[in-house]
Each structure stands twice: as structure tokens, then as C-alpha cells.
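Features reported for this protein in Swiss-Prot:
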| type | residues | note |
| --- | --- | --- |
| ACT_SITE | 290 | active site |
| BINDING | 116, 199, 234 | ATP binding site |
| DOMAIN | 1-443 | domain 'Biotin carboxylation' |
| DOMAIN | 120-315 | domain 'ATP-grasp' |
């Protein structure tokens, strides 16, 4: 086994990988930018090195500097986490050239996965259904021809795109020329790839993905699916496993499609095959050639540590599980806790003044933040992941709602009220979700109602907790008031909460 691994990332995912290393007895090397001098991953690592300024191009995307640190520290392998260099074929190649193991798939597989056109072609060869669409399109006239074949509405997509960047929905031929040019421009600007193609636009699909593990000895298994339909602007916010839309037969069918696709391209390590599901049909969407943010919920329902498996596979070990050993038990939900305005989703930065994470049975928190930490504006707004497990979906929802009540993050706005609004929506509870759920269910207006109740109560509680001394009677009264707040808020009985809180000052 490796004796030392460098984690080329920051925040909660850096801590997550380091935890797996610690359990395997592997020393860890961390890296940090000027914005992360007081970040938790810096002190959690066995050794940590400064790699540059806050701008990611000077630090977490600086291949030369990261390789330099790996060689200086004696790290035998690099785990890229997600984001930054995780799906960068050039970085994976550079690691190979320097004699450092890249914990992930091969550079060629990363290139296939990173090209929507190439990955679609690979899945078609494997017999995996894809959304009706075109090969790469070079001219507007070609685009018009294919759009007529496919049928409007169509989506013009940048081949190298991700996170919704480079996707333009077109409802008629009159809109196509501008959309074609816009998508090509976005692809070139963001991904240095101006290749575009067309797909039939699915208006209200479910977004379902399959986690796979593949070793270097030809063994490939799947760990079931995750539903990621609760999104805003193509960014996932709530994920769950398993999907409430699938039965066992459908689950097995989808898993086999993902395994077939992985074998077609020679995939190794952990990966995710994403699909859209509409009207009883699965359509391949894309491959994520890295560890997913939401890998946690698969770990919870299978009991399999995906990060440890990444490390073991990269070292050359065979899978310890066959497909028959994988069982889905219970239900798990993940809420991404972001530092952002919960209504318009604009990111927020600032110092965390008070922090208390939730706990209790069935709750997991993956976080890289702490009280006093300043959330930098240079990076993604996600600051932690809250995971709830239950024997049933209903129990998982109940535990998540309870954990959200307990989660205290002060100093910056977060999207916790957004999660309250979604989890209390009757259609979400019924499992009737799709990628347009947030817009169609008018979640933003429901969030505003939660904020109307939260803000004055929170201000009064802050005032109480700023007092320098408490008697035991006052502490007891505060706990009683908070209990009343949590229990009564959901029933909409606001007046009783106010009475309980204001009685403290009497």
C-alpha cells in the first residue's frame, strides 16, 4: 500500500480523503492557498505546503507547483478530489511522467469522459441508450438540418461543457443560429473546445446517476443509483439514494447499462454514469471521471467506503466485492450546505461567528469549516454536506429536517432555509421530483416565508446568547424555548414561540 498521498484539493473533500488515508495508515500531504491559511484541511494533514495565491490558477490549478510539492514531500500518489484538476487529462499524464500515481482513471478515459460527443459515441457502440441527437456540428446549416430531424425543442450543447455551461435551449429555427454561436463561444471560453452538438431537449426529466467501481484486473461493479433531480441552474442541491422512482428490476437494468458503458471505454477506479429518465426510458447523459460530491449517500446505503476503494484500486488491488455482495439498505439524503442567499442563490463570503453541527442517530456531516473560519470568495460556495440516513425514505426526510433545525452557522447566509422549503414540500415528500422542480414548485417564495419567521426569532435568540452569564433556570428556559421553536415552527404556530422566548426577559 502507498505510504504517503498528496491531496490536491481543499475544504471538505480534502478532509474526506485524508480521513480515508488515516484509516488505511497512509500519511497525507496537504496543499493550501493564501485564502486557506486557516483552513481545517491544512492542520488535519500530516504535512502541508503553501502553493500560491488565492486565485485557483496560482494554486489549486497550478500543476507545476503541485507536482513539485509531491516530489519534495515524497508522496507516491495524488488524489485530486473533485473540481480543480480532478478531470484534467494533462494533470493525469504529468503524474504518470513524473512517476506519481494519479488516483483516478487513465488520461485517455478522462478525455473520452470530458467530451460529450466522444462519450455519446462510445455509449452508442456499447448499446447504451442516448438522448436522440447529432454528432458534432460544424456549421449553422448542419445544425438546422439535424434540428429538423430531431424535432424542436433541441438543446445546443458544448461538447466539453459541465454544470450547465454551454447549453442553450432552442424552440424554433429562428433561434438556432444565435444559440449555435453562443454555445461554441462558451465552449471555447470555458473549456478550450468549441465543438458543439444537438440533443432533443427533455423538459421535465429525472436526473439519475449510477456509481461504478472498476479495478485494473477487469472487474467492474455498480453500487446502485442516486437521484439528483433537485437542482438550480443545472447545479445539484439535494441528492438521495436510492431513487424513489425505480424498482429493483429497473435498478438492475440501469446498473448493467453503466457497467457496460464502463467496460466499453476501459474505465478504472470510481466513476459515475449519469442518465436522464423520462416516460419510462433511460438516456445516457455524461460520465463523471472522478469522485462525486454526493458519493456519501451511496456509502451510507451500501456500507462501502468509495474513497478507500479509489486508493486500493490505484495501488493495483482487486475489488473485494462482487456484484452479488452489493446490497442497498435503507435510504439516504444529502443536502449541500452553501454560503449563499437562499432565495437568489448568489454566493456569500465572510467569517463564521458561531458554528454547531447537528448530530444524533443517522446523521453525518462532511465539512471543512469551523468557528472563526473566513469563507473565501474565490472558490465554490459549498461549505459542508449534511447527510441523513433512515430505514425508509420517510425516516430519512424526518431526520434531515431535524438535523437542519440543529445546524447553526452564523456570520454568513446559507441555503438551509431552501432545504427546509424543499423537504416540507408535499410533492417532494411523495417523491414526485424532476429537474424543473425548484422553479415549478415556486420554492423561492416558500423560502421567503421561512425567512420571515426565522429572522426575528434568530435575532432575539442571538440577543439572549450574547448575555455574559446565565443562571441554571435561564439556561433551562432557553433550552425549553428552542425546543418549542423547533416543534412548533413546522406547525405554523408562531405566536407560542414568541411567548416562550419573550418570557425569558420577564
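Using N, Cα and C of the backbone, Cβ positions are placed for all residues, glycine too.
Features per Swiss-Prot, on structure.
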residue: 116; record: ATP binding site; contacts (Cβ under 8 Å, 6+ apart): 157, 158, 159, 160, 161, 197, 286
residue: 199; record: ATP binding site; contacts (Cβ under 8 Å, 6+ apart): 131, 132, 133, 134, 150, 154, 155, 157
residue: 290; record: active site; contacts (Cβ under 8 Å, 6+ apart): 80, 81, 82, 86, 87, 104, 270, 271
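Residue 234 (ATP binding site): 13 other CB atoms within 10 A of its CB, across all protein chains. Residues 116, 199, 234, recorded as binding ATP, reach a greatest CA to CA spacing of 16 Å. Each residue in 155, 157, 161, 166, 167, 285, 286 lies on the same chain as 116, 199, 234 and has a C-beta within 8 Å of the C-beta centroid of that ATP site, without being one of the site residues. Mean predicted confidence for the domain 'Biotin carboxylation' (1-443): the pLDDT average there is 96. Reduced to three states, the DSSP call for residue 116 (ATP binding site) is helix.
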